[in-house]
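Structure first, then comments.
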Amino acid sequence: MNQVNRTQKTFALTTPLYYVNDLPHIGSAYTTMAADVEARFQRLLGRRVLLITGTDEHGQKIQRTAESKGRSPQSFSDEMSAGFVSLWQLLNIQYDRFIRTTAPRHEVLVKEFFQRVWEAGDIYQGQQKGWYCVSCEEFKEERELLEGHRCPLHPNKEVEWRDEQNYFFRLSKYQEKLQKLYHSQPDFIQPDSRRNEVLNFVNQGLQDFSISRVNVDWGFPVPVDPNHTLYVWFDALLGYITALLEPDEEPTLENALAKWWPINLHLIGKDILRFHAVYWPAMLMSAGLSLPERVFGHGFLTKDGQKMGKSLGNTLDPIGLVKRYGSDAVRYYFLKEIEFGKDGDFNESRFINVVNADLANDLGNLLNRTLNMVKKYCANNVPTTTNENIPIEHPLKAIGLRLGEQVKHAYEALAFNHACEAILLLVQASNKFIDEQAPWSLYKQGQIQAVEQVLYAVLESVRLAAYLLSPIIPDTSSDIYQQLGYGINFNQQIETATAAPFAIHSTWGVLTNQQKLGEARPVFKRIEPAKNN
Ligand code: MSP
């Protein structure tokens with residue numbers, strides 16, 4: 001784990017800047033949900049956080065798509081970009097910056113950056129010959145292609161032969177420096193499988209790559225030669241820097257880098273690893289800038305075990321999903337069921353089962369049955385037992401005391417599934433504890449103190465579970481906290497970090513008898529499968 005992260009007071013992280021050739025798909029939603037969860041966790045720790053997301057709007061892919069729809073690329077980008085903003089709202093994403101690469105201030109910054117690289121002698125003119133995949137916006141090696149000159153990532157599209165004058169970036173010059181970076185900062189690329197992929201690629205020898213295009217108008221002109229358009233990836237990566245500017249700040253590199261640079265974490269999918277883990281650090285080295293701390297490449301999602309795609313007719317619409325099931329359910333499924341870093345699958349029946357089992361049955365029922373018993377047996381007051389009276393070997397307290405630290409490590413390592421599993425163990429242990437202790441019998445036997453101890457332990461465990469799950473299911477956690485009498489809404493991040501700081505609320509034994517419980521109501525309604533499921 002990265003030592004720097006732990007002591008820092010600020011945390012800047014990014015999602016990729018999404019292409020606007022289409023409305024957002026589940027892949028873009030996936031990275032963004034994970035980024036939001038990590039950002040919320042970092043805010044709970046009391047850090048100042050900057051979550052950057054946005055849209056990547058230049059290049060041939062978008063130009064062509066807009067043309068095919070009889071639209072200007074700008075108005076088409078405006079519409080698509082707005083689609084991302086509204087999906088992020090639906091998914092309860094609390095981003096701090098939304099950068100669009102067509103913003104005029106971005107061009108100013110790109111020029112300044114280009115100038116630095118130009119002055120470093122790292123840009124030259126040459127002849128680019130090769131196979132280009134417009135969908136990837138990337139040249140491909142002949143050996144990478146499928147039969148019939150098709151891109152492995154877009155097998156229904158043929159790559160196009162290019163033979164043109166381009167400007168090149170001298171990537172080869174940075175081979176050794178990059179190798180040193182990967183060795184001195186082993187956490188720079190995660191997870192390990194992705195790191196190995198990059199090491200293999202770089203060890204094979206790096207070739208310079210072209211950073212300009214002719215015959216593409218949709219982009220910024222190359223500052224030293226306006227007959228060329230800047231390659232979309234060169235401009236897109238720099239969007240991460242432009243996003244750091246305050247809203248009304250003058251767009252200079254100095255201003256942009258003053259507060260949040262270097263970025264702590266870039267979250268991306270595995271298909272764009274090379275750009276982030278090889279090209280991007282080399283570009284930054286050339287411009288004399290420090291480097292991001294960590295690049296994490298997650299896996300790809302499939303649906304019912306199949307690759308998703310329009311041509312396959314099996315895309316998964318994130319908007320429909322959230323509208324049907326709510327944002328907490330969608331967030332929970334993708335973060336709990338899929339190991340971040342590995343490929344994962346969406347299947348609607350499994351989705352319904354997981355969400356019902358964990359959120360409606362285990363967590364929701366636990367709260368509900370406990371609050372009902374507290375009402376019945378304790379006049380709706382938090383039981384008077386104090387934490388000190390409960391021994392540390394108590395089955396729930398013993399789990400609860402370790403849980404905060406465990407979950408913190410999981411969130412820091414982006415092991416969201418481990419965080420969920422550990423929390424669920426406490427929830428399940430609590431349900432089992434109630435069944436075993438049977439407070440209803442204890443009550444009948446007049447053992448009021450014992451009843452109070454059981455109910456305190458369970459109520460406190462639900463509270464802890466809700467707190468630790470709040471980055472993932474903020475609405476449900478807020479609901480639980482409110483029923484426990486806290487005026488806390490986990491969607492109001494800054495207030496939460498002050499009113500319920502991680503150092504205190506992530507431990508066990510926080511509830512006191514002073515706490516006035518709120519009205520009990522079901523927190524998570526079971527999803528009833530549709531008839532055709
Ligand atoms: N515009 C570039 C990124 C530039 S960043 C400076 C881009 N955009 S994208 O919209 O095509 O892809 C965005 C992200 O979605 C990538 O991280 C990609 O890995 C992810 N996904 C696309 N399909 C996916 C799945 N089926 N599953 C999971 N993630 C997927 O690339």
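From the backbone N, Cα and C atoms, a Cβ is placed for every residue, glycine too.
TrEMBL entries are annotated by machine, without manual review.
For His154 (Zn(2+) binding site), the same-chain residues that are 6 or more apart in sequence and have a Cβ closer than 8 Å to its Cβ are Cys133, Ser135, Cys136. Taken from TrEMBL, the feature Zn(2+) binding site covers Cys133, Cys136, Cys151, His154.
Look at TrEMBL and you will find 13-152 (among others) tagged as domain 'Methionyl/Leucyl tRNA synthetase'.
For the domain 'Methionyl/Leucyl tRNA synthetase' (157-371), the model gives a mean pLDDT of 96. The annotation domain 'Methionyl/Leucyl tRNA synthetase' is assigned in TrEMBL to 157-371 (among others).
Sequence annotations record features per position, and here TrEMBL assigns domain 'Methionyl-tRNA synthetase anticodon-binding' to 406-486.
Under the heading motif ''HIGH' region', TrEMBL lists 18-28.
Within the chain carrying the motif ''KMSKS' region' (307-311), a Cβ under 8 angstroms from the stretch's Cβ atoms is held by residues 25-27, 156, 300-301, all 6 or more beyond its ends. TrEMBL lists 307-311 with the feature motif ''KMSKS' region'.
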Intrachain residues whose Cβ lies under 8 Å of the motif ''HIGH' region' (18-28), provided they are six or more past its termini: 53-57, 59, 61-62, 65, 76-77, 80-81, 83-84, 87, 269, 300-301, 308, 315-319, 321, 346
Least Cβ-crowded entry, counting other Cβ within 10 Å, from the binding-site residues listed as Cys133, Cys136, Cys151: Cys136
